[in-house]
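Novice: Per Swiss-Prot, the feature Zn(2+) 3 binding site maps to Cys1130, Cys1133, Cys1154, Cys1157; the stated evidence is sequence analysis. Per Swiss-Prot, Zn(2+) 4 binding site is recorded for Cys1145, Cys1148, His1168, His1177. Among the features that Swiss-Prot reports, coiled coil is placed at 953-973. The compositional bias 'Polar residues' annotation in Swiss-Prot covers 396-413. Per Swiss-Prot, domain 'CBP/p300-type HAT' is recorded for 704-1130, and the stated evidence type is sequence analysis. The zinc finger annotation in Swiss-Prot covers 621-689, 1013-1076, 1125-1187, 1177-1260.
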Amino acid sequence: MMAKTLQGTQQQYAASGFPTQQYPTSGWTQSAAEILQLDNMDQDTSVVRNIIHRKIVEYLNERKEFCNFDLSFLMEIGKCIDRHLFEKADSKIKYMDLETLRTRLNAIVNSASFRGSMFHWSASAASSKLNSQQLPVMEVPIYHDRVTPGPNNLPSCAYNVSSTQGYNQYENCMGAANFAHSLADKPKQMPERLANTIFTSCASTLPKCSPSIDVLHIGHIKEHFSGDAYQNDSSQPSTSGSSSSLSAVWDQTTCSSAMRTLPMDSFSTVNGQNLSTNNKSLYPTTGQGPLLQQYIECEMKQETWSRSLEQSDQSNITTGNRDLYHAQIHPYINGEHKRDRCIQMKEKLGHTSDHEGFSREKSSNLSNHFMHHQQGFMTNYGACSPVSKTVDRAEQTSNSTVSKPTSPASDGSSGKHYPAKRLKVDVPHLVHVNEMEASKEQQPAANETYASAETVQSEVTNSPTKSPCCTSLGDNIACTDNVHGMDMVRLSGSAVQTEEEFRRENSDIEMKDAKVDLLDQTLSGDSLRARKRRGASVLYALTSEELKDHLCTLNHDTSQSKVPTEELLSVEGLPDQNTCNLCGMERLLFEPPPRFCALCFKIINSTGSYYVEVENGNDKSSICGRCHHLSSAKAKYQKRFSYAETDAEAEWWVQCDKCKAWQHQICALFNPKIVDPEAEYTCAKCFLKEKDNEDVDSLEPSTILGARELPRTRLSDHIEQRLSERLVQERQQRAIASGKSVDEVPGVEGLTVRVVSSADRTLQVQPRFKDFFKKEQYPGEFPYKSKAILLFQKNEGVDVCLFAMYVQEYGSACPSPNQRHVYLAYIDSVKYFRPEIKSASGEALRTFVYHEILIGYLDFCKKRGFVSCSIWTCPSTKRDDYVLYCHPTIQKMPKSDKLRSWYQNLVKKAVKEGVVVERNTLYDFFLQPTNECKTNISAAWLPYCDNDFWPGEAERLLEKKDDDTSQKKETQLGRLLRVAKRDDRKGNLEDILLVHKLGERLRTMKEDFLMLCLQQFCKHCHHPIVSGSSWVCTSCKNFFLCERCYAEELNTPLKDRHPATTKQKHAFERIEEEPLPETDDVDPTMESKYFDSRIDFLKHCQDNQYQFDTLRRAKHSTMMILYHLHDSTCSSCHRAMDQCLAWRCLVCLGCNFCDSCYKQDGESLHIHKLRQKKDHHVLQKYTLQDYLEGLVHASRCFDRSCTSKLCLTLKKLFFHGVRCHTRARGGGGCHMCVFMWKLLFTHSLLCDNADCSAPRCRDIKAYIADRSMTDLSISG
């Protein structure tokens, strides 16, 4: 994450590319009362904290002792003072008191302890600022928050203090003698950097092992910054790789060294020269002579120490990075040489040149646990004790150890933590950036990582270079005041981390053998198979042919949103760091999530103009151009264009451990959620070479859990078996039609049908409809079971989800009119079915397969005892997906007539096979009575299903009826009489009118509402015949009467008998009907928080970029979907399990067992060893106060990567409230909406903020005030 300074505004960008916060760099255009946000004041990103921080800087700048200081240095001092004031304040109100801020500040600054610690900082800062315009620059490493003295610019006072206080000059200069010889920018380009050099004079003022330092892991994560597409045209230094100044940001996991910029009189422009006697010309000839001698002596000592290891492991280093290699050497431990190898030097070495003619060496983030331990800091500072313990344990287990840093990144979806090893985040380009301004120096900003609950969200780490448009972070300064207890850290690009987090992260560090880096050069054959295990990609389970097919299709499946750039040459033989070596593309963009208009709730055109309301630098809401034209508050909206470009997020990357090349995670089919710190990642090309050389075997298929390994049910087995039989028959028909044998005709392979969700739900009847039929005792709710069924197909050895449908099953225990009814709610598919050929009947073969799945499901429901099925054939609109997120661009969305024809062909097949006995429309079956119908038609007889069309329409009609005036009611009564006379119906006149209005609404689109009869219905009473005997007309087709209606038929006059339109009457034949079975589900309940609702599943895919617009993305999305499915259910009993108590296999991916199965079967449950995660997190129970505080936070939080679980929950609740048709009405309604309104009312009663941003807060306050006034007037 980086910040860019444009026209006095510092804008911070999260990894998603969305602006998260904007603060004025100068001036106070808003008062604190207008922008108070008290919910996150414990964070540095708080607006209130930012205001007070800048006020502190303003006051400091007014003092004489700080007037000559650089502004950035004052900002860091102000930050530390602000943190101290916040921690020591009795309350937030006292901390926010701006009137007493100057007094409190002066009390701190005038204290003796503060002034004593600031003495040497002030001298160094002033000296640096005075000489910044004259002196060149060199970079010197700082070990553990301690700056090694520079050659000639260290003030004498600081040098003397270092000497008199017992500083070990050898230890203090060891790192400085071996700094990375990369020249900094010229003074005229970056003068501010020279003014920020601060020296810590003695050990007593050293900060603790920085709990405030941000994470910069040394794994394989790479971050693309703005300007990646213009590497050859920019003159700015790079910061995205290990050779950039990002290496100056300290790694809190490894306590690696940082770089600080120091001016000196002269320095050779030759890169890579050692500070030795042979290079005396590099050192200044005036002043600090003893210091120069110390540098030379230290260099000679380290060369002596490292000579033996240089000879033994010369292949790992180059001449250009000899100094960097020296920095890894440590004194003897237990009589042996130790070498710190956090990562291989060749992974990070290499350099890149810019237009100024200088080069930078790639430096490694060295793990300094051993150095820290040896230099005597662990005994003095409590924050380093975990490091000491880790090193002590490692020394006991191995004579030569290294630290393997891990970067736990939270997975909100499963509650797990996985290391961010090998990942890199691609940050999209900054939007609306002037190219001239892009060449200016940019100031570092507070690092904010994109950490969504279900997306690959990794923290920023070292990465290969290729990002020119960035600034050096080498001027960071760290100091502390041990009297006041403040950590005064000048790290603009870091976030605050507590000491507790530091301890926890260090406790996760795994120590391994340092000689493991030599295995890659020596092992071969069988021994190669015994190295680190794989498991991060499903490609390891593929054959060589499948791998080749997968690689061939990648070049054809790149998205149209790609950013074309020229192919860059590799550096020092390494692969191009900005190009995926699998697909050959650079930066690929995901399809942005759709924006909905806040007024009309329609999707805003992604390529057109729209308007946004900005609050605190973030987009609060968006409206379309049409609503903006009709809006009366146009001033508060800003016009924007094409959010398809501004909202798009770039694909993530991963680096191969073997060839060091970078690939898109999607191309590599890499699953970042199951990365094992001990596992290695090998790209497809390297793995294919190993397979061709017979050096390695692919994983066993059982170790990669795919669609076949999902739990089977009777429903899925029934559909699969029926589909397999029908495909065999269809293939034979194609062979006969083409005159070929069956083997010569292509067949369909690799299909898998699975039920991924089967959850019990309850549908609440909308209150107006319920009250309308209060006399008829209409039920208030309908229980049903929601099921999600998916179809997978093996495509080049990888599962791809092709088809999804959600159904609602109202069983025999459900009250009428939904008893024994099935509602086909949603159907969705993507066009990746293979082979793409025609069936024997002339339709597409994929259509044949989808029809057979639906017919198979209806057949299964019929056998279980269901009697009817309703379907609403409503096509989805563009970018408004039903189930699968983002469809291919080549797939056309069907219009209403096409979709209607598709369902009609389905029904014809079902009728032909006897699955459906009669096909009707909802209008003809219930709303349009025939002469044979002997019962009163009522709206209460229509099946009332969740998210169906007509229940919402009926509620709207009843709501409109309640709003009519008394004058209109007289007209309405006359209309009722006319309708009753015309239709000749009996019953409630209002019910008749409601049916009439529904009929008028459905008549023009009645073909879109199908009513399929799976069993015979009585033509007189319209009830299904579920048991006993029935009577069928011998002359008419499908004319059945139940036993009761047939008895009434015999008692009616002959002229009124069937058929009523003719004089000749038909005879009936008695048929004995077997009673229908109860609809009890034979399959177990399978609940999943991601798949129980199609809204939850769709949002889960949107949040995690599980898209299906290309085949490569469909493969990766399916892989992640399968991972979540396997990870959330027990592999033995297939029941939902508690993730905190799950037992997991370390070999088989996604193989998890619940605690009950493990207690029952133990180790015999699985062939491999199972391990239970010990540091599980207990689910948090929220109180009312938590919800109220979370409501305020969620209403102001526009960060898509917010890690607060309660914030995400409440945002989902708001989203549900917008879409819900049931809502909270009367004494019933949707229980989620009821909870939301109760929460809003409770908040409004307690809220005293006139400008509260919580939803409907002001409206509820006005409503309460009106009610209070009304009550007072009545009582008065």
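Glycine is treated like the rest: Cβ placed from N, Cα and C.
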Novice: Which whole number is the mean pLDDT over the coiled coil (953-973)?
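Specialist: Taking every residue of the coiled coil (953-973) together, the mean pLDDT is 70.
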Novice: Three states by DSSP: which one describes Cys1157 (Zn(2+) 3 binding site)?
Specialist: helix
Novice: For the zinc finger (621-689), how many residues does DSSP put in helix, in strand and in coil?
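Specialist: Helix (H, G, I), strand (E, B), coil: 26 helix, 16 strand, 27 coil.
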Novice: Please work out the helix, strand and coil residue numbers for the zinc finger (1013-1076) from the DSSP assignment.
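Specialist: When I sort the residues of the zinc finger (1013-1076) into the three classes, I find 12 helix, 19 strand, 33 coil.
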Novice: Would you kindly give the Cα-Cα distance separating His1168 (Zn(2+) 4 binding site) and Cys1154 (Zn(2+) 3 binding site), rounded to the nearest Å?
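Specialist: Answer for this pair: 15 Å between alpha carbons.
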Novice: Do you know offhand how many angstrom separate His1168 (Zn(2+) 4 binding site) and Cys1157 (Zn(2+) 3 binding site) by C-alpha?
Specialist: 15
Novice: Just the number: how many Å between the Cα atoms of Cys1157 (Zn(2+) 3 binding site) and Cys1145 (Zn(2+) 4 binding site)?
Specialist: 14
Novice: Rank the binding-site residues Cys1130, Cys1133 by the number of other Cβ atoms within 10 Å of each Cβ and report the first-ranked residue.
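Specialist: Within the set of binding-site residues, the most crowded position is Cys1130.
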Novice: Among the binding-site residues listed here (Cys1145, Cys1154, Cys1157, His1168), identify the one with the smallest other-Cβ count within 10 Å.
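Specialist: If we count Cβ atoms within 10 Å for the binding-site residues Cys1145, Cys1154, Cys1157, His1168, the smallest count is at His1168.
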Novice: Please report the three-state DSSP label of Cys1145 (Zn(2+) 4 binding site).
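Specialist: It is in a strand.
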Novice: In Å, rounded, how far does the Cα of Cys1133 (Zn(2+) 3 binding site) sit from the Cα of Cys1145 (Zn(2+) 4 binding site)?
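Specialist: For Cys1133 (Zn(2+) 3 binding site) versus Cys1145 (Zn(2+) 4 binding site), the Cα atoms are 16 Å apart.
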